[in-house]
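Data first, discussion second: the structure below is written as structure tokens.
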């Protein structure tokens with residue numbers, strides 16, 4: 001691979017990994033299996049190692065976790081929270097062990113092994129024996145303050161006998177038993193069951209109502225003391241013992257073992273994990289001696305003295321009863337395997353997406369086959385292969401429909417002969433899925449209009465395009481059964497409120513293929529108005545950093561389609577007013593500088609301080625790096641100050657920043 005090819009591949013991998021990071025860490029809605037994500041991440045690491053001049057400071061390999069939700073107060077961690085590098089097999093673990101031996105000049109390394117819980121990382125801070133702050137990991141530097149919700153967790157000590165400041169790290173999760181009970185309750189209330197325990201745990205911690213959070217039955221499992229230097233703790237196991245003595249739940253710790261014993265422990269727990277009361281997706285292997293840890297230090301996103309040794313996905317056999325082909329908003333025909341329900345990794349699996357006809361053909365999947373199902377990373381189920389020796393003599397290859405299974409319309413193959421799409425613009429399924437997308441939270445945010453009512457509206461013919469939503473009257477709504485005065489009022493209010501929206505949301509809501517939230521934001525910033533956007537040329541689009549050739553063509557084609565242009569005009573005529581949220585900049589000492597803000601600044605929230613810095617012409621970064629020009633320091637500045645001083649970064653005091661911000 002030459003340098004130009006490497007550059008293109010790195011850009012593709014970066015965009016893909018950032019997309020999946022957002023789904024996993026922020027939206028709690030992963031689309032791909034852990035092992036598929038790990039393959040992408042490993043490929044990016046290898047390319048950046050081979051072509052170091054192409055590595056950017058904002059590469060996913062330098063980042064920890066995801067973005068912070070705006071609804072929560074931000075909390076800056078006193079000590080950075082890191083992620084872990086992965087090893088995927090015995091060979092990679094032994095490579096790690098050999099590296100530790102060489103770097104520590106030791107013939108045998110002692111490790112502490114702990115369960116790698118499949119939940120949400122938390123930090124708990126105790127001062128004078130009282131729990132004062134609990135926060136999520138966030139991006140590793142700044143997390144979300146979820147103290148009130150954490151105090152609702154039954155096994156979190158609200159007070160401890162230790163009076164020194166103590167920073168405890170651990171994982172919030174839901175046990176398998178509680179997860180099953182939680183989903184049973186949701187089904188009884190006719191609510192959609194949670195896909196997995198991690199999503200339920202993460203969503204529970206991010207509830208604004210602590211009473212709702214309490215209903216999730218979250219538990220906290222401690223695994224680290226971040227400020228261990230303040231205590232007489234010489235190894236990992238002593239830290240775990242100390243936490244246990246203080247009343248924290250500590251599970252699955254195997255202390256002071258060598259590499260051979262690590263492997264024995266790994267295979268033993270991998271075999272037994274399905275019988276555990278909680279989900280784990282691997283083991284965490286840490287060099288036991290803290291002096292050795294300090295000598296080894298950290299990489300940009302992970303410690304050098306520890307790795308996550310991931311388990312192989314759990315596999316189960318079951319029978320494929322049917323293949324149903326569903327139609328999405330872009331007309332994509334997606335085959336879904338209907339299975340004899342099977343327990344895999346503590347979850348009942350009855351449906352598995354087969355993605356496209358090629359997957360069915362390449363694996364020769366047939367109705368009636370016995371298939372092997374995995375849940376990689378204990379999240380998303382997937383069929384890996386057919387058990388051919390159990391196939392019946394009368395089985396026949398699956399014939400993918402040549403017509404749309406919903407409307408009977410013609411189909412066409414696109415996207416490199418992979419995706420089959422219904423090309424009938426009047427297809428009921430396409431219309432329904434499109435309206436669902438249009439009203440969704442990241443789009444026009446019509447929170448009072450649910451999927452059930454959208455199906456009713458589209459089936460009746462009341463709504464055929466998104467613009468029809470803005471024509472709905474109270475009389476229209478009262479024609480439907482179960483429609484009351486209160487619900488009708490809520491719906492109409494939700495529709496009316498959506499008219500005042502941002503340009504980014506509006507562009508996203510249009511449903512242009514290849515345009516997600518990030519691309520919509522890039523387009524809004526570049527064009528600044530819907531009228532400018534409508535006039536976009538292919539050159540304009542390709543000039544935008546972050547938008548590739550395929551995305552540019554898709555956007556251009558959308559804007560040169562009479563029907564979609566009419567939709568935009570109809571929406572604007574209905575009173576929809578997409579406004580670009582422009583950041584006005586003024587010349588200042590911050591203009592053109594990369595700036596990081598740490599600590600609290602009087603008169604500013606973290607978000608308003610960021611906006612003020614941007615108005616002064618700065619690019620605000622989340623973490624200090626060699627590319628940071630200025631660190632703005634408020635009260636209770638965290639670890640960023642020391643790092644900035646070590647790197648020789650210019651320090652600006654809060655008073656000076658306040659004067660600049662206030663003009």
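Backbone N, Cα and C atoms are what each Cβ position is placed from, and that goes for glycine too.
Listed in Swiss-Prot:
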ACT_SITE  116  active site, N6-AMP-lysine intermediate
BINDING   34, 35, 36, 37, 38, 83, 84, 114, 137, 171, 286, 310  NAD(+) binding site
BINDING   404, 407, 422, 427  Zn(2+) binding site
DOMAIN    585-663  domain 'BRCT'
Subject >> Other same-chain residues whose Cβ falls within 8 Å of the Cβ centroid of 404, 407, 422, 427, the recorded Zn(2+) site, in sequence order >> reply: 327, 331, 403, 405, 406, 408, 409, 411, 423, 424, 426, 428, 429, 430
Original post:
What is the number of residues in the domain 'BRCT' (585-663) that are helix, strand and coil, as DSSP sees it?
Top reply: 27 helix, 18 strand, 34 coil
Subject >> Rounded to the nearest Å - Cα separation of residue 38 (NAD(+) binding site) and residue 404 (Zn(2+) binding site) >> reply: 35
Original post:
In whole Å, how far is residue 36 (NAD(+) binding site) from residue 422 (Zn(2+) binding site) when you measure between their Cα atoms?
Top reply: 29
Subject >> Mean per-residue pLDDT computed across the domain 'BRCT' (585-663) >> reply: 83
Subject >> Cα-nearest neighbour of residue 84 (NAD(+) binding site) within the listed recorded positions, 116, 404, 427 >> reply: 116
Subject >> Shortest C-alpha distance to residue 407 (Zn(2+) binding site) - which of the recorded positions 36, 116, 137 >> reply: 36
Original post:
How would DSSP class residue 116 (active site, N6-AMP-lysine intermediate) in three states?
Top reply: strand
Original post:
Could you state the CA-to-CA distance between residue 427 (Zn(2+) binding site) and residue 286 (NAD(+) binding site) to the nearest Å?
Top reply: 55
Original post:
Where does residue 286 (NAD(+) binding site) sit in DSSP terms: helix, strand, or coil?
Top reply: strand
**OP:** State the count of C-beta atoms found within 10 angstroms of the C-beta of residue 137 (NAD(+) binding site), not counting that atom itself.
**Re:** 23
Original post:
Which site among 84, 422, 427 has the most other CB atoms no more than 10 Å from its CB, taking these as binding-site residues?
Top reply: 422
Original post:
Taking the Cβ of residue 404 (Zn(2+) binding site) as reference, which residues of that chain separated by at least 6 in sequence fall under 8 Å from it?
Top reply: 327, 331, 333, 410, 411, 422, 424, 427, 429
**OP:** Would you kindly give the Cα-Cα distance separating residue 137 (NAD(+) binding site) and the residue listed as 'active site, N6-AMP-lysine intermediate', rounded to the nearest Å?
**Re:** 16
**OP:** Return one of helix, strand or coil for residue 407 (Zn(2+) binding site), based on DSSP.
**Re:** coil
Subject >> All-chain count of other Cβ atoms within 10 Å of residue 116 (active site, N6-AMP-lysine intermediate) >> reply: 22
Original post:
Across all chains shown, how many C-beta atoms besides its own are within 10 angstroms of the C-beta of residue 38 (NAD(+) binding site)?
Top reply: 17
